[in-house]
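Below: the structure, in structure tokens.
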2 protein chains.
Amino acid sequence: MAKRTVYCGRVSEEYLDQKVTLKGWVQKRRDLGGLIFIDLRDREGIVQVVFNPEESKAAWEIADQCRSEYVVEITGTVIRRDAGSVNKKMATGEFEIKGEDITILNSAKTPPFSIEDEQNISDEVRLKYRYMDLRRPKMAKNLIMRHRLTQSVRRFLDNNDFLDIETPYLAKSTPEGARDYLVPSRVHAGHFYALPQSPQILKQLLMTAGFDRYYQIVRCFRDEDLRGDRQPEFTQIDIETSFLTAEEIQEYTEQMIAQVMKDVRGVEVTLPFPRMTWDDAMERYGSDKPDTRFDMELIDVTEIAAATDFKVFRMASDNGGVVKALNAKGAADKYSRKELDRLGQFVGQFGAKGLAWIKVDENGELTGPIAKFMGGVSDELKKATNAEAGDVLMFAADQFLTAVTALGAVRSKVGKELGLIDEDRFDYLWIVDWPQFEYDQELGRYVSAHHPFTMPMEKDIPNLKEHPEKVYAQAYDIVLNGYELGGGSIRINTRELQEQVFETLGFTRESANEQFGFLLEALDYGFPPIGGIALGLDRFAMLLAGEDNIREVIAFPKNGKAADPMSDAPSTVSPLQLYELSIDVTNVEE
Amino acid sequence: MAKRTVYCGRVSEEYLDQKVTLKGWVQKRRDLGGLIFIDLRDREGIVQVVFNPEESKAAWEIADQCRSEYVVEITGTVIRRDAGSVNKKMATGEFEIKGEDITILNSAKTPPFSIEDEQNISDEVRLKYRYMDLRRPKMAKNLIMRHRLTQSVRRFLDNNDFLDIETPYLAKSTPEGARDYLVPSRVHAGHFYALPQSPQILKQLLMTAGFDRYYQIVRCFRDEDLRGDRQPEFTQIDIETSFLTAEEIQEYTEQMIAQVMKDVRGVEVTLPFPRMTWDDAMERYGSDKPDTRFDMELIDVTEIAAATDFKVFRMASDNGGVVKALNAKGAADKYSRKELDRLGQFVGQFGAKGLAWIKVDENGELTGPIAKFMGGVSDELKKATNAEAGDVLMFAADQFLTAVTALGAVRSKVGKELGLIDEDRFDYLWIVDWPQFEYDQELGRYVSAHHPFTMPMEKDIPNLKEHPEKVYAQAYDIVLNGYELGGGSIRINTRELQEQVFETLGFTRESANEQFGFLLEALDYGFPPIGGIALGLDRFAMLLAGEDNIREVIAFPKNGKAADPMSDAPSTVSPLQLYELSIDVTNVEE
């Protein structure tokens, strides 16, 4: 084999009139007027090679045998194409290679689908032949971008005294949180490791060990049902620091993101990113991860609504709830009654009982089923919502969280449907001052909004016992374009406070000790003030690539049933393997 | 909190007369003549702070309350110590801080052991309190060095167009090789993922996907019994390339190692590293990972031995075996008969029947139990082994592999015992031209010396069917100071050859398809010429740190029973967890 002198996709002016050696796959072979044209592809792109039988008969004959996806080595001279045959769609389209020598390194059967973007292939087939799906230029570009992203992150953190320290994947099962993936131990029959949901406790221990600044780009595992942006295993940019304030940690994170945006997207972002409290975000956007690329904020109309005769509005107000409105400007025509009914059903999944709406007709009059109840307040309502002819007002009336969450979801949906979102924008936003706990109706107890190690606001600590709902946390999320990109907090660093939080979460002293005894003990031995953050790398890569599914930025993802159709994992195993692990498969009949 | 201005260990001339803020742990507090001295420690080192009650009474009083491992923030001015009190053992020993302000950030109970190097603490206690064990300067230094090592590796690979691509940890069980760790699937009852022993197949598929150059610093898992340099999970520098020859891959690897040696140890190594064939290595050192930091090579004396009356020697020679000798120069006094008996027992574990020996006395006469049989050949023997007064000759007589392996082990042991090894040397060495297969007596069939995807030497392919033992492989190992640092090969890239190798390994067409069908299919669709290498990161870090156990360069390792005494993993899990996974624990009675 000769040495490659340049990647196909990097052929440029610099190589003009030079002899080059290329290696790659035959994207296309055409026979035109006795000449053979091969589009040769490698990870960096495609270049056209022309074989002329009058210049090299032997090479021409080999080129003639090539078929799609053959692997070849080609030597030739870079020439400039005629003005008429320049291909502006190709990065190398001003040039072509005069093919002088060609070797077939391997042949290929006809692939199950053509290696081009914009193919309409089922997800299952793409995953089964992932090694060919990844040949498509878009997938190559996505994974190369992901590489540049991690490289940029690492460079930033390396330059700021963060240490890359590995933590184990065979860890301890801690049922608090999502469901664990378990790994049976052979040596300790009946005992199990768990694959970590995150290295949270270990990174805290690295801080008490004195490492001061830690990072790891680390795999995490959650055995939950899958969605478009969830996989059984996902990758986290995991960061922990000692002796820094929440604001300092946010500053480092912003600077890291700014570096990434510059390196990966060539974009200069403005720092600092805006900060919004969780209360504000819920009030204005009905979401703890608001998409601020468009306005259409939620408007509180509780007082106005209370003065109407509409029972739903009055009841919400009388029962301590709220009435929230949003104004879909100029969308009256786009949202027919049928469409609005659809939205009414949609909000059901957020626990709302329905979506009231009012349109403003060309005369500025309110119309629709509930318009008649608005008689006395119609001017006030129009003023509060800035309603004009052609607008649709949508309302949710319920307890605060239910109402804003439902209407926040409508806001996202309608924002998309109306094309209000500028897809070229990257809106980063910090959501700060989170509640410490959420009440879980199903469990009948409080659960952590972030995790049990989050430090409460100092002023709220006295409320931990009696009024957990009033306790806010030193926690912060970073949001990008309506997605939670990451979250972090200052961590508890005294045993007393940690035990108190466990108590609020329903742990007994025994159960807390059984699961977290080693952390509690570590808190006795000189625990520094610490805090950190974790960012979802898959999601970050997805958003930077402009994709809407993280599978597009993962080399070998699982399908919606957590399986890999290519290698056929998971699979059955031998009785001997089970025997050695002291486990049996049970017959589940449900 | 004030911002830290400098790490304790980085206080230097540059900061002289400046006010600095430090954060760290109290290594030691002493009260001397009314002054309080605190040795303050952070990850970068230790600096001394002095509190004088006459200069700042308030600070002095707080300093007085400090105990070992308290976490404090100190502000003060960097001054030069008197000539008499300079501490040359401390990197910052020319300076001290005049303490002006101190805040106790957290207190600490008395630690279970003192945070200093050279403590005689049991491994179990060290692991149980790992977060304190890691505070010891040596452990901090080791993990910081490991960080610099991975950073250096990544920088080299990034600069050479390698792409960092992640592969899944939830993979398919492939019983060929070591024992898998299994992960029960909840969604697919009775099915299991396996944690990968290496991403071998997936990195090959990334090559056929066209990524051209891949790397990953990746965790691998093997459920085997543990040794000093083995852990259930270990980290690999995993590399795969397309279109490169074995020599080119070796060159990249060498350059990467040279970069690491420079970045991490400040050492310029000479390239290229020596190459030695596997045959030569076995012949001369009785090892496929010879420690070339000392000589004492094995010498073939079969012909000479055949001419003696010593039955053991004659039989070996008559049965097609060999007689190998090594000369422990000047060691006759050090190796008493008892010591030599001990070595005789030692070689038993390598299948050798014993170790014959002869000493050379001060008159140059051969002595010892078998000396009398050497009558006729004694001059010849002395010449062949360069034996002089005071030497001990040791012999192994057996079939080739048994004899050289046993004597090779003796060479390593004796080399260490005689102090022949220069511990400051880093001897890198390539072992090339490996056998493709080894015969496994227990299994009664051939197994792969590397793995089933290794490309045989082209000239040997015709022997695959009838004479597998004659087939050599395009495989190479990189050896450092007697340790296998890594191994690689050119991989098979045609279906026909891959199927033939599976056949030699005892696979039926069906079993090969069941396990490796997706790879076989991929070989049909334009598989490029590929090859790669994997280096053990833990071992590399261990050798660079001058340690002899990889636990010293892993933050949270498992103990000898694959357990973590700190978090108590593995542990029992709830019946609900097992139920959801459709598994039961069986009562194992053996």
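Keep in mind that glycine also has a Cβ here, set from the backbone N, Cα and C atoms.
The model shown is predicted, which means the values in this text are computed figures rather than measured ones.
Pulled from TrEMBL:
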SITE      B:G84  site 'Important for tRNA non-discrimination'
DOMAIN    B:145-557  domain 'Aminoacyl-transfer RNA synthetases class-II family profile'
BINDING   B:E176, B:R222, B:H450, B:R491  L-aspartate binding site
REGION    B:200-203  region 'Aspartate'
BINDING   B:R222, B:D223, B:E224, B:Q231, B:E484, B:G536, B:L537, B:D538, B:R539  ATP binding site
Rounded to an integer, what is the Cα-Cα distance in Å between B:G84 (site 'Important for tRNA non-discrimination') and B:L537 (ATP binding site)?
44
Using Cα coordinates, what distance in whole Å links B:E224 (ATP binding site) and B:H450 (L-aspartate binding site)?
17
How long is the line from the C-alpha of B:R491 (L-aspartate binding site) to the C-alpha of B:E484 (ATP binding site), rounded to the nearest angstrom?
20
Chain-internal residues, separated by at least six, CB under 8 A from B:R222 (L-aspartate binding site):
B:A178, B:R179, B:Y181, B:Q197, B:R230, B:P232, B:F234
What does DSSP assign B:L537 (ATP binding site), in three states?
helix
Return one of helix, strand or coil for B:E224 (ATP binding site), based on DSSP.
coil
Where DSSP helix means H, G or I and strand means E or B, what are the helix, strand and coil counts for the region 'Aspartate' (B:200-203)?
4 helix, 0 strand, 0 coil
List, in sequence order, the same-chain residues at least six positions removed whose CB sits under 8 Å from that of B:H450 (L-aspartate binding site)?
B:W434, B:A473, B:A475, B:G487, B:S489
Would you identify the secondary structure of B:H450 (L-aspartate binding site) according to DSSP, in three states?
coil
Identify, in sequence order, the residues in the chain of B:E484 (ATP binding site) that are 6 or more apart from it along the sequence and have a CB within less than 8 Å of its CB; answer 'none' if there are none.
B:D288, B:K289, B:D477, B:I478, B:G536, B:R539
Which same-chain residues, if any, lie at least 6 apart from B:L537 (ATP binding site) yet have Cβ under 8 Å of it:
B:R146, B:L149, B:T150, B:I217, B:F234, B:T235, B:Q236, B:I237
Take the domain 'Aminoacyl-transfer RNA synthetases class-II family profile' (B:145-557) and average the pLDDT across it for me.
95
